[in-house]
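J.: Can you read through this structure? Questions will come right after.
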Amino acid sequence: MHLRIDTSSSLMPGNTTPLSRLDSNRRSICPPAKHQRVGPLTQKPLLQAPNSALSAHSSSLYRQRQHIGLEGQRSFPRTPEQGSPLSRPNVSTRAAAGAAAGSPDEGAVEAGPAAWKMPVYILGWYAFNIIFNIVNKSSLNTFSCPWLVSTWQLAASGLFMVALWALRLQPVPKVDKGFLIALLPVAAFHVIGHVSACLSFSQMAVSFAHIVKSAEPAFSVALSGPLLGQVYPLYVWLSLVPIVAGCAMSAMKEVSFAWNGFNNAMISNLGMVLRNILSKKSLVNYKHVDGINLFGLISIVSLLYCAPAAVYFEGSQWLPAWNAAVEKVGKAKLLQLLALSGVFYHLYNQASYMVLDLGITPVTFSVGNTMKRVVVVVSSVLFFKNPVSAMNWVGSSIAIVGTYLYSVAMDKWSAETKAKKAAEKGK
């Protein structure tokens, strides 16, 4: 039964006709009709009480859509086949695009539910990185076998990704023989960069190693020209000056300075830059593989290089170093340190890709990365109580600011290059 009440006549100005004298066809109780009836005076639909929860929900949803002006554009969660919450681009990306295009309604609706993700992901990225650097340095101080430790970290990352794929928390990447062949040189330079960093951390203070690693942009600019054919403007080159100057100032008064550690940090920069350049050249046709999956696959393939090299360079030292470490801290503590170093190595890298997947701009990510380096340097100094001179702090600050200026310069150059290409296509 439908309850229909025609209040149109009683709501019209000057109309005093009582409800009891309405036409019999408009009684308060009438049988259900297929078509909606309208009042004779206003030609508006008669007020109708819903006969189910579904109609009430539909009415509420309609009013909400009318209010936000987005009827018919509602977004629904993706299925696991379309992408897991760990890797797929978030709706906040579309929200940012909508806001930039001048559509505040779309930005407000899309950004609301995911507004918490940005601070949470960045906090996780920072926290995991701080914990990794502290645990990694503690592991290397206790068990001085950086080749084995770095191999274990790659294996832990690979195991972590296999677990995510098996549990359907991360989409399984579709790869072929061509992709694996293209990944081999990328993985080789990833091993060089990762192992060299571990060697550097084992030979000098974490804080100073990170300052040296902030010089990575200098290698990127210097090598991108001959290998990728990219020509950078003068302001990009000038942005490298504070990075080089800051690293030099910091090295002058570094108590833990060691040439082996410094050289390994620079080799790590070289390896990571060549890895990135080869990724651009070799994996250009495999953009369907997202960042988290790509990092997991690189970690797995890297074991083909790292494990045999670790046995060759360090195998004879493992048993004596293990016995010394067990005697020093105990077997349980040593296993705990190694396990945590592997887990947090993967977590901080995955968190960085999750931040990127939110669709933030390169400059915003660069600011976050710069501040992360500051936090890591300060936290390692406080935890390990390394002596730091005023010259160290000044040099470190200049180098870190330089990395941010470089990021801004590169973003400007990228925007100018895109605008130039678009103008050429328009001609």
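For all residues, glycine too, the Cβ spot is worked out from N, Cα and C.
Since this is a predicted model, take the numbers as computed values, not measurements.
Okay, so TrEMBL annotates it like this:
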| type | residues | note |
| --- | --- | --- |
| REGION | 1-43 | region 'Disordered' |
| COMPBIAS | 1-19 | compositional bias 'Polar residues' |
| REGION | 72-109 | region 'Disordered' |
| COMPBIAS | 81-93 | compositional bias 'Polar residues' |
| DOMAIN | 118-407 | domain 'Sugar phosphate transporter' |
| TRANSMEM | 118-135 | transmembrane segment |
| TRANSMEM | 147-167 | transmembrane segment |
| TRANSMEM | 179-212 | transmembrane segment |
| TRANSMEM | 257-274 | transmembrane segment |
| TRANSMEM | 294-313 | transmembrane segment |
| TRANSMEM | 390-409 | transmembrane segment |
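Buried or exposed, and what's around them? Tell me for each listed feature.
T.: Residues 133-134, 136-137, 140-141, 144, 146-147, 149-150, 153-154, 246-247, 250-251, 254-258, 260-262, 264-272, 274-275, 278-279, 282-283, 286, 289, 297-299, 301-302, 304-306, 309, 373, 376-378, 380-381, 384, 386, 388, 392, 395-396, 399-400 of the same chain sit 6 or more residues outside the transmembrane segment (179-212) yet have a Cβ under 8 Å from a Cβ within it.
Within the chain carrying the transmembrane segment (257-274), a Cβ under 8 angstroms from the stretch's Cβ atoms is held by residues 189-194, 196-197, 199-200, 202-204, 208-209, 212-213, 215-216, 218-220, 223, 251, all 6 or more beyond its ends.
Long-range contacts of the transmembrane segment (294-313) within the same chain, counting only residues at least 6 positions beyond its ends with a Cβ under 8 Å from a Cβ of the stretch, are 147-148, 150-151, 154-155, 157-158, 160-161, 164, 173, 175, 180, 183-184, 186-188, 190-191, 194-195, 283, 346, 349-350, 353.
Long-range Cβ contacts of the transmembrane segment (390-409) within its own chain (Cβ-Cβ under 8 Å, at least 6 residues beyond either end) map to 207-208, 211, 214-215, 217, 235-236, 238-254, 362-363, 366-367, 369-370, 373-374, 377.
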J.: Find the average pLDDT over the domain 'Sugar phosphate transporter' (118-407) in the predicted model and report it.
T.: 89
